[in-house]
Structure formats: structure tokens, C-alpha cells
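Per TrEMBL, the feature domain 'Histone deacetylase' maps to 20-317. Residues annotated as substrate binding site in TrEMBL: 91, 141, 304. Residues or ranges marked as active site, proton acceptor in TrEMBL: 133. Feature annotation from TrEMBL assigns divalent metal cation binding site to 168, 170, 257. Residues or ranges marked as region 'Disordered' in TrEMBL: 380-462. According to TrEMBL, the feature compositional bias 'Acidic residues' maps to 392-409.
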């Protein structure tokens, strides 16, 4: 199996600011564990090409991307109106090098999609990606550019049906919203829901609209979800989705804030829980999707306890490669960030009640199966005029392990952290390779679909 890995040594040097929960340094820490566990030689490693503003406006509005390119900590007072308009502020602050940060993580996801399109990899990993909350013209939940949407758009140039799976503790609202009116992408999000938990979307009744009706699956969960219960729900739902929808490629968002002990999460998911022969947990969901033998793009996402995030993603990298990592953490360049005697596998927190009763989960599964049954047969149509590729595989720079990849340190003054996200609008593919707002038909006898006639022969999603 060919596994490609995208990583830029600079990604961990960006800094959202004092007391902000999002720490890009977690990617450096992850890479360091991958290196010291000896996994690098088993990976085909690439330094991502930076995504351009032109790449980003395939989904995002030109005005929004121009703003991200222009605003800096030094001139942000001049952009006060735009900052409010684009939801840039406390949760999504302006920080030094912000646009370059977006270019790097988005470039890795787009590059990964290109590798899959050309059949050059079976699995592609970009732990810096997976920022699923960003909207067309709005930053949200620490996310500025939605690399997942950009990668899926790239995959749609070669694949008729894309399956997106999100196991971040927060609802994958930005991705669902982007594709809510097309049947070319099916989104499935397992997340905590209720009690004002961010972003407040992703209820069971949110199933998509128009041509995309029943192509959004939401699995709203409560606090204290355990490995065993999660897996019992995940596998039957995803088996049914794959059987009915028959995707050609999978995008998997592996947000690590659903792990036990995360600062913003409240699930009980362990990296793995050994019960005789059965491995259960966060990584098992990913392994199950790999068992279908479909090309897969694996992305990061949330996760705000950086030591736990790094262990999770290093462990999952090993599982993808078929390597079971030792529980003893190897000596690494960031030893001080781990507690003395820390192991790879996380301890189960005590006194966290599982509010997901068996009756609740069975009822949830039953209703989800009803929604899946309404999908019907997927069209299977392909683009007649394929848009140009965002990049060519030969343009990708091979990256090997080096000291440079792991010598960055967390910015000074970096301590404890809060969390966030927001927004909703209906958008459609406009035929020029971009998304536009789509007014819906209303009134008696209306179909509820957008009043835009989309001609599939011009390469649009319908």
C-alpha cells in the first residue's frame, strides 16, 4: 500500500496568540513522534505546494480571500469593518503569517487530492488539514480556509461520488453547508450536540436540501461517549452508507478533540482500548473505513491538548502503515511537553458519565438508517468537461526527515486555552468553478430547490 504524507517544517511556528486553544505546534510534535517511532522511512513524504488565492476562490469569495491576504496584526485597525463582516476577531484572530499558514495546510490537502486523482497513492495524510468550520465568506471555529472543501472539489474532477466522514467532537458544519445541495458528496458527521455546544448545528433532521436531500448524515451524541458504544454505532452506519452510496473516494477528518481529556471535548474515546483481541477507539474508526479498499485522504482537525493530539495522530499514522507502536514513548525533541512517564495510550478519565443510553443510540441508528434508505441509487455521472488540475504531481517537492523538520518550539507565553465556531448559508456550484449563494424557491408548490438551472454538460454539480 502506498501512503503519502504532507508536512511543512514551518507549520508549527505559527501562533494564534496568548491563551488561544489552537496550537499549530501540535503538528510539529506529531511529526516528531512519527520520525522517532521510525515511521518516516515507510512514508512517501512531501512538502506541500502553497495553495494560492486563486485555488481558494474555487470555494471562498474573492472579497474574503483578498481580506485574508491583506490584513495583518499591524494594519488590522484599518480593516475593522471587514473583520466584523468576515467573523475575524477573538476566536479567529488576526496573527502574523496567517495567510501563509492557510496556504500551507490547504496546499497539503489539495496536493493529497491530486495524488489520489492520479492513482499515485492509496492513502494520503495531511495532519495540518481538516479545518472544517470555515465558510464561503466567513472564518469560524479557528478555521479560515476550508481545505476540506477545496480538496473535495479537486477530487470531484476525477470521481463521481465523494464520501466525507468527520469524527471531530464538533459538527463538520462548513463542509456539510458547502455540499448540502448536491448528491455528488455525502457528508457524515459524528459529533457532540446540544446544550449550546459549538457550533449548534448538526441535528438529526439536517439531511441536505434540493438535489442533496438525504446526502447529509448527522449523528448527534451526548457527553461521555465510550469507545465501545461509538464503534457499535459507527460501523453499522458507515457500512450502510458505503453499500448504498457507493463512493469512489473517502475523505476522513480525524479531529482529536473527541479523545478523552481534551480541553474542549467531553467524549471518552481512547486512542485504543485493548479487550482481548479487539482494538477499539478513535483509530479503529479510521481502520474500518480503510477496510473498504477505497482511496482515502486522511486529515487532522480539532484537538487542543497538544500532547494527546500528537500521540493520537502518530498512532494513527502507524496503524495506517500496519505498524503497532510501542506504548513507551520514544525519546524525542519535545520531551518537556509530555508528563513524566507518559505513555502512548491515554488513561480513561474517571467519573465521566455516559449520557448516551442504549435506547438513545438504538433510536438514533434506526432514524439514520431511514434517511440512508431514502438516498436511492446515486447517479454515477461524471464531469464531461473536467476542470484543470490545481497542480501536477511532478510539482510536489519530496521531503525527507531532517533536523529542520523538528526544531521549532512553542511560542513563548503560550499557556491555557478556550474554544469556538459559527454560520450558515446555502451555496451552489456556479459553473465557473466557484460557489455562489443560491436563493431557494418559496411559496405554494415550490420544490425548495435553488432557482439556478445547472447544466451538467458544463461541469457543474447538480
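In case you wondered, yes, glycine gets a Cβ from its N, Cα and C as well.
Unlike curated records, TrEMBL annotations are generated automatically.
Feature annotations (TrEMBL) mapped to structure.
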residue: 91; record: substrate binding site; Cβ neighbours (10 Å): 22
residue: 133; record: active site, proton acceptor; Cβ neighbours (10 Å): 31
residue: 141; record: substrate binding site; Cβ neighbours (10 Å): 25
residue: 168; record: divalent metal cation binding site; Cβ neighbours (10 Å): 26
residue: 170; record: divalent metal cation binding site; Cβ neighbours (10 Å): 30
residue: 304; record: substrate binding site; Cβ neighbours (10 Å): 22
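Mean pLDDT for the domain 'Histone deacetylase' (20-317) in the predicted structure: 90.
Residue pair residue 141 (substrate binding site) / residue 168 (divalent metal cation binding site) shows a Cα separation of 12 Å.
Among the recorded positions 91, 133, 304, the ones whose Cα sits within 10 Å of the Cα of residue 170 (divalent metal cation binding site) are 133. Residue pair residue 133 (active site, proton acceptor) / residue 304 (substrate binding site) shows a Cα separation of 16 Å. Across the residues annotated as binding substrate (91, 141, 304), the widest Cα-Cα separation comes to 14 Å. Cα of residue 91 (substrate binding site) to Cα of residue 168 (divalent metal cation binding site): a distance of 18 Å. Here the C-alpha separation of residue 304 (substrate binding site) and residue 168 (divalent metal cation binding site) works out to 12 Å.
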